[in-house]
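Here is the structure we will look at, set down as structure tokens.
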Amino acid sequence: MFMARPGPVAVRTPPGTGRRTPGRQSAHFVGPAFVAAVAYVDPGNFATNVTAGSRYGFALLWVVLVANAVAMLVQYLSAKLGIATGMNLSEMCRERYGRRLRIGLWVQAELVIMMTDLAEVVGGALALNMLFGVPLPAGGALTVAGMLLVLLFQQRGRRQFEAVITALLAVVLVAFVYQTFRAHIDGGAAVRGLAPSLPGRDSALLAVGIVGATVMPHAIYLHSALTQELVRPGRDSAAPGSDGRRSDGRRSDGRRSAGTGLDGRRSARTGLAAARRAGVRMSALDVVAALSIAAVVNASILMAATSLHGSGADSLTDAYGAFGTIFGGFAATVFGIALLASGLAASCVGVYSGQIVMQGFLRRSVPIWQRRLVSLLPAAAVLCLGVDPTLALVLSQVVLSFGVPFALVPLLRFTGDPALMGELVNRRVTRVAAVVAAALIIAMNAYLIVMVVA
């Protein structure tokens with residue numbers, strides 16, 4: 001039913017079409033970041049941002065924006081790793097690390113993805129309960145069924161899968177831009193929310209949860225897999241504006257290039273390097289566009305939730321009811337639809353990421369339904385045992401935050417290695433910014449541990 005190898009479907013130039021135009025070749029690199037961006041607007045983001053806005057007003061808006069800026073940098077590095085090496089992050093860990101470390105990284109990655117699945121399934125179940133009164137356990141099952149239907153588009157090729165996921169992302173964006181306009185935001189208060197502050201002990205937990213909900217470990221693995229086959233030796237290696245030579249010594253229009261022997265090999269290397277540089281440039285634009293949308297969505301969720309500040313409505317169910325009371329039934333329905341679209345899209349991306357992680361670390365894969373059954377256990381426990389769904393969502397995002405360094409540190413190491421990256425190795429400014437971002441996340445996690453112990 002599904003592809004045996006979960007890696008991305010390579011886009012080839014159709015026979016008879018000849019050389020790609022620069023516009024078509026540039027478009028070749030657009031899309032992966034929009035799939036990865038879904039991880040940044042999942043139900044976990046809804047829970048943390050709604051709770052932050054309703055409890056603390058605009059005070060944690062700065063955390064949302066900083067976390068999204070860090071996410072842009074991280075996803076850019078992940079995309080660059082795939083383009084420069086032709087390998088994704090989990091494959092690179094398998095090749096570069098010893099068995100014990102490799103297995104340890106795989107186990108924690110699977111736990112992180114399990115927490116991700118919990119958030120997506122619980123979020124979808126909550127949305128179905130809000131909109132149609134479906135019991136939570138049944139809503140979880142329907143969310144999984146919907147996810148499997150969306151994943152059918154994966155068989156039709158990368159572009160159709162990306163289009164479906166991007167459409168669901170657009171639903172979430174439109175819904176929360178609408179909610180923000182209905183909330184009549186206080187601009188001055190929003191600007192003051194850009195100044196870093198942590199008002200109260202519980203706000204630190206929420207801040208870490210926001211980071212965990214925004215900088216998603218599984219998205220780091222995923223993005224490198226979505227870009228790893230965009231530029232391959234011997235295929236589509238001519239950069240926009242180049243002379244059309246590919247790395248096999250032929251031009252992309254099928255004719256043999258003039259250079260042969262040493263000159264041909266040199267031209268091939270030059271063409272491949274140019275294609276990779278072009279790919280990294282276009283992927284950077286892809287990341288900025290996609291994650292800017294994610295940033296707008298996350299900020300809009302928090303700002304819309306500030307209209308509930310002081311009402312005590314800090315859970316998703318309370319927020320749904322309060323939006324209906326304050327702004328009318330249509331606003332509440334829009335909120336529920338956005339949550340459902342978010343859960344459905346993010347659930348698909350989570351399963352896809354899980355397949356990539358297992359294939360990369362272990363060179364093994366399991367059927368989608370088997371992976372789904374295992375990953376559903378925590379979500380089923382939450383839905384069937386009466387655990388507060390919003391609290392479960394927030395805590396799952398805190399767990400995800402602790403998983404970020406285990407993906408981020410190897411990513412920084414690999415993208416900073418000239419032997420692996422060549423001329424695409426991280427420049428000093430990028431390296432410093434990435435190290436600061438990693439240190440910030442680790443410091444926030446350590447701060448949370450100290451507060452819990454204290």
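Backbone N, Cα and C atoms are what each Cβ position is placed from, and that goes for glycine too.
Annotated region 'Disordered' per TrEMBL: 1-23 (among others), in sequence order.
Summarising the annotation, TrEMBL assigns compositional bias 'Low complexity' to 12-23.
Long-range contacts of the transmembrane segment (59-83) within the same chain, counting only residues at least 6 positions beyond its ends with a Cβ under 8 Å from a Cβ of the stretch, are 32-33, 36, 40, 49, 52-53, 89, 92, 190, 193-197, 199, 203, 206-207, 210-211, 213-216, 219-228, 230-231, 276, 279-280, 283-284, 286-288, 291, 294-295, 298-299, 302-303, 408, 411-412, 414-415, 421, 424, 426, 430, 433-434, 437, 440-441. Among the features that TrEMBL reports, transmembrane segment is placed at 59-83 (among others).
Per TrEMBL, the feature transmembrane segment maps to 134-153 (among others). Sequence-distant contacts of the transmembrane segment (134-153) (same chain, six or more residues past either end, CB-CB distance under 8 Å): 2, 120-122, 124-128, 160-161, 163-165, 168, 343-345, 347-348, 351-352, 368-369, 372, 376, 379-380, 383-384, 389.
The feature transmembrane segment is assigned by TrEMBL to 165-185 (among others).
Under the heading transmembrane segment, TrEMBL lists 205-226 (among others).
Here TrEMBL flags 232-268 (among others) as region 'Disordered'.
Residues or ranges marked as compositional bias 'Basic and acidic residues' by TrEMBL: 243-256.
As annotated by TrEMBL, transmembrane segment applies to 284-306 (among others). The list of residues near the transmembrane segment (284-306) in space but at least 6 beyond its ends in sequence, with Cβ under 8 angstroms from a Cβ of it, reads 29-34, 36-37, 40-41, 45-46, 49-54, 57-58, 60-61, 64-65, 67-69, 71-72, 75-76, 79, 169, 172-173, 176-177, 179-180, 182-183, 185-186, 189-190, 214, 319, 323.
With a threshold of 8 Å between CB atoms, the same-chain residues lying at least 6 positions outside the transmembrane segment (326-352) that come near it are 6, 35-36, 38-39, 41-43, 45-46, 113, 116-117, 119-128, 130-131, 143-144, 146-147, 150-151, 154, 165, 168-169, 171-172, 175-176, 178-179, 182-183, 218-219, 222, 307-308, 316, 319-320, 368, 371-372, 375. If you look up TrEMBL, you'll see 326-352 (among others) marked as transmembrane segment.
According to TrEMBL, the transmembrane segment annotation covers 373-392 (among others).
For the transmembrane segment (398-420), same-chain residues at least 6 beyond its ends with a Cβ under 8 Å from one of its own Cβ atoms are 44, 74, 77-78, 80-81, 84-85, 89, 92-93, 96-97, 105, 108-109, 111-112, 115-116, 205, 208-209, 211-213, 215-217, 220-221, 426, 431, 434-435, 437-438, 441-442, 444-445, 448. For 398-420 (among others), the entry in TrEMBL reads transmembrane segment.
Residues 66, 70, 73-74, 77, 201, 204-205, 207-208, 211, 215, 398, 401-402, 404-405, 408-409, 412, 415, 426 of the same chain lie 6 or more positions beyond the ends of the transmembrane segment (432-453) yet place their CB under 8 Å from a CB of it. As annotated by TrEMBL, transmembrane segment applies to 432-453 (among others).
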*Report, as numbers and ranges, which residues of the same chain sit near the transmembrane segment (205-226): CB under 8 Å and 6 or more residues beyond its ends.*
6-8, 31-33, 35-36, 39-40, 42, 44-45, 47-49, 51-52, 55-56, 60, 63-64, 67-68, 70-71, 74-75, 78-79, 81-82, 87-90, 92, 109, 112-113, 116, 158, 198, 294, 298, 349-350, 352-354, 356-357, 360, 394-395, 397-404, 406-408, 411, 441, 444-445, 447-448, 451
*Give residue numbers and ranges for long-range contacts of the transmembrane segment (373-392): same chain, 6 or more residues beyond its ends, CB-CB under 8 A.*
47, 50-51, 113-115, 117-118, 121-122, 125-126, 136-137, 139-140, 144, 314-317, 350-351, 354
